[in-house]
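Features reported for this protein in Swiss-Prot:
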{"type": "ACT_SITE", "residues": "Cys87", "note": "active site, nucleophile"}
{"type": "ACT_SITE", "residues": "His179", "note": "active site"}
{"type": "ACT_SITE", "residues": "Glu181", "note": "active site"}
{"type": "BINDING", "residues": "Ser233, Gly234, Gly235, Val236, Asp237, Ser238, Ser239", "note": "ATP binding site"}
{"type": "BINDING", "residues": "Arg306, Asp480, Lys535, Glu541", "note": "XMP binding site"}
{"type": "DOMAIN", "residues": "11-205", "note": "domain 'Glutamine amidotransferase type-1'"}
{"type": "DOMAIN", "residues": "205-418", "note": "domain 'GMPS ATP-PPase'"}
Amino acid sequence: MTEAIHSQYDSILILDFGSQYSHLITRRCRELNVYCEMLPCTQKIKDLDWKPKGIILSGSPYSVYDEVAPRVDPDVFTAGVPVLGICYGLQEIAWNHGGKVDPHDKREYGHAMVEVVKHGVPHLDALFKNWEGSVQVWMSHGDQLSKAPEDFVVIAKTPTAPFAAMAHKSKPIYGVQFHPEVTHSLRGVELFDSFVDICACRRDWTMETFIDKEIKRIREIVGPKGQVLGAISGGVDSSVAAKLMHEAIGDRFHAVMVDNGVLRTNEAAQVYEMLSKDLGVNLTVVDASEQFLSRLKDVEDPEQKRKIIGNTFIHVFEAEVAKLEKQAEDEEAAALAAGKPQEAKGKFEYLLQGTLYPDVIESISFKGPSATIKTHHNVGGLLEDMKLKLIEPLRELFKDEVRALGKLLGIPAHLVGRHPFPGPGLAIRILGPVTREQVKILQHADSIYIDEIRAAGLYDQISQAFAVLLPVRAVGVQGDKRTYDQVIALRAAATTDFMTATWYPFPAEFLSKVSNRITNEVQGVNRVVLDISSKPPATIEWL
């Protein structure tokens, strides 16, 4: 029986009421080396199989007086642990304790200055123990308390919000009307730091401790002879998951990378060199580029491209796994025939997947999964077809934690800091039919763009950068001749969470250099344009 994560780490429970900022609360606590977990606000305390050290109630787009407003389980307030309500969370605390919440004619959106009110009582002053005077915070509310509950006192106020923060007179229950989880609240991290102290949490959630405990957990799950399969893309998540699995069970982990013909320049060879030769991972690279490209021929619809790539991937992966299983059976038979049963390995029972915590958050968020904008490429279909059990060693981690874990595992910095790359690869960055010629054009242009970003020392300042091949042609003049060639669009996004993003403001000299190189070196391209769209309204990828 594997040890539950809550028995290994002191944990804070975050109840999500549908706020766009809920995931940030989780991140802020993790950054303080405290494990925390987000669950929907409908979670009943009595149904938890673990006891949190503290509970945080998130904000919400609802009003507490709405008939359909989400309600917190009243047992939260009798669980005997500290509680912190944020925005709607404060209002929910007040609503449950006899306070009054009303719509306000002076709504607060944006920056505000809160004045801390000290009482000279340790537990009342604990949340703002290091704050003095007025502090800039971020407000985003149309409702506010018009009457505080009798058992609460004001611990912060603004000119328009007399109950900007409150504390229970005798219990460790606190509420703040502002959003300490966003960076616009200048001392928000200090507030969470104080709440962690109030909860008396051990601050031992680090990637150093995670490695040892996760390796132990993997070994308990897989057993001494079990074998694990893993589909590797060469991205950060799958590479870190593969290296962690290799550390846990060695060559009983079999990684398979499928070259689908729409990878970046020399990607398959580079990943093999790094994972197999440098890090010792048992990796097989399957060149199925012809198979993928033949099925993608004349296909323009992005969803159809995704489906073709997903289905073809499963077919190729299953065929390779059949070979590995046959090899394993032959090795087992040979070991038994030689009278060496201890050398026989077990069957393939598990499939490694690099699920991250944001994927988990999306699935359990109170407002439910967002409307599907794009079909995500994953290996879920393999589980049904191959009857494998899923093993997800990274499912508790955010992206920055995965990168930190990768560095500790010895993965080179240039790989753990790599920009995200979509599962369908360049097929969804070619806005038209996918042919080998189109792939080569985009590979070359993208390679120039990324090389110049690295040479300028900008790569780590940008969250994601790539080139897109547009389905249009433009008139140009090259070598005194009229040309009618293709157009490349450059995209670079800056973001902290990939939920919102801004375009990266390159210097004009940089853009000129990249444009000149692409139009001079990439045959068939005579024009380069820059995408300056933010997310929203645009997504980071074009398709």
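Including glycine, each Cβ sits where the backbone N, Cα and C put it.
Swiss-Prot feature annotations superimposed on the structure.
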residue	record	CB count, 10 Å
His179	active site	22
Glu181	active site	27
Ser233	ATP binding site	23
Gly234	ATP binding site	22
Val236	ATP binding site	24
Ser239	ATP binding site	27
Arg306	XMP binding site	20
Asp480	XMP binding site	5
Lys535	XMP binding site	16
Glu541	XMP binding site	18
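Using a 10 Å radius centred on the Cβ of Ser238 (ATP binding site) and all shown protein chains, the other Cβ atoms total 22. Spatially, by CA atoms, the binding-site residues Ser233, Gly235, Ser239, Asp480, Lys535 include one closest to Glu181 (active site), and that is Lys535. Secondary structure from DSSP puts Lys535 (XMP binding site) in a beta strand. For Asp237 (ATP binding site), the nearest neighbour among the recorded positions His179, Asp480, Lys535, judged by Cα separation, is Lys535. This prediction places the mean pLDDT of the domain 'Glutamine amidotransferase type-1' (11-205) at 91. A sphere of 10 angstroms centred on the C-beta of Asp237 (ATP binding site) encloses 21 other C-beta atoms.
The Cβ of Gly235 (ATP binding site) lies under 8 Å from the Cβ of Gly354, Arg418, Pro420, Phe421, each of these being in the same chain and 6 or more residues away along the sequence.
Secondary structure from DSSP puts Asp237 (ATP binding site) in a helix. Taking the Cα of Ser239 (ATP binding site) as the reference point, the closest of the recorded positions Cys87, Arg306, Lys535 is Arg306. Annotated pair Arg306 (XMP binding site) and Ser233 (ATP binding site), C-alpha to C-alpha distance, rounded: 15 Å. Listed in sequence order, the residues Ile232, Val240, Ala241, Gly354, Arg418, Phe421 complete the 8 Å Cβ shell around the ATP site centroid, once Ser233, Gly234, Gly235, Val236, Asp237, Ser238, Ser239 themselves are left out. Around the Cβ of the residue listed as 'active site, nucleophile', a 10 Å sphere holds 27 further Cβ atoms from the protein chains shown. For Gly234 (ATP binding site), the nearest of the recorded positions by C-alpha distance turns out to be Glu541; the candidates were His179, Asp480, Lys535, Glu541.
Distance between Cα atoms for Val236 (ATP binding site) and His179 (active site): 31 Å, as a whole number.
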